[in-house]
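Chemist: According to Swiss-Prot, the record shows the following:
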type     : residues    : note
SIGNAL   : 1-18        : signal peptide
CARBOHYD : Asn26       : N-linked glycosylation site
DISULFID : Cys35-Cys83 : disulfide bond
DISULFID : Cys44-Cys74 : disulfide bond
DISULFID : Cys45-Cys57 : disulfide bond
CARBOHYD : Asn54       : N-linked glycosylation site
DISULFID : Cys84-Cys95 : disulfide bond
Amino acid sequence: MQFTTTTLIAILSALAVASPIEPRQNATAQQERLCTSAIDTAMCCQTTLAGVINQTCTTPAITPINKQAFRAYCAAQGQDSSCCKTPLVGDGVICTPP
């Protein structure tokens, strides 16, 4: 009996952990993912070499709620909106458009 109860609790716990939970939709604005990759960082960049390597990048001082707001914020700073990965070696940052 104890083995059955323990096994049942273990199975139900595993199911609860494995089931995805969808975020609730409500009237407030939800933040859109600015970059497609989870390892990218949304940054405003100034100098671009071949459209890929950026030297002067900063993170936005605000948190834009969508890509249009992100582009507008960076444009107001005189920079381009980019999704960047910091390389392990070197000074440059590898970036792509959002």
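The backbone N, Cα and C atoms fix where each Cβ goes, glycine too.
I'm curious about the neighbourhood of these features; can you describe it?
Modeler: The Cβ of Cys83 (disulfide bond) lies under 8 Å from the Cβ of Leu34, Cys35, Thr36, Ser37, Asp40, Thr41, Ala42, Met43, Cys95, Thr96, Pro97, Pro98, each of these being in the same chain and 6 or more residues away along the sequence.
Cβ environment of Cys44 (disulfide bond): Cys57, Thr58, Thr59, Pro60, Tyr73, Cys74, Gln77, Gln79, Asp80, Ser81, Ser82 lie under 8 Å away, each six or more residues apart in the same chain.
Secondary structure at Cys45 (disulfide bond), taken from DSSP and collapsed to helix, strand or coil, is strand.
Cys95 (disulfide bond) falls within a strand segment according to DSSP.
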Chemist: Report, in whole Å, the straight Cα-to-Cα distance of Cys84 (disulfide bond) from Cys45 (disulfide bond).
Modeler: 9
Chemist: Return the count of C-beta atoms lying within 10 angstroms of the C-beta of Cys57 (disulfide bond), excluding that atom itself.
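Modeler: I count 20 other Cβ atoms within 10 Å of it.
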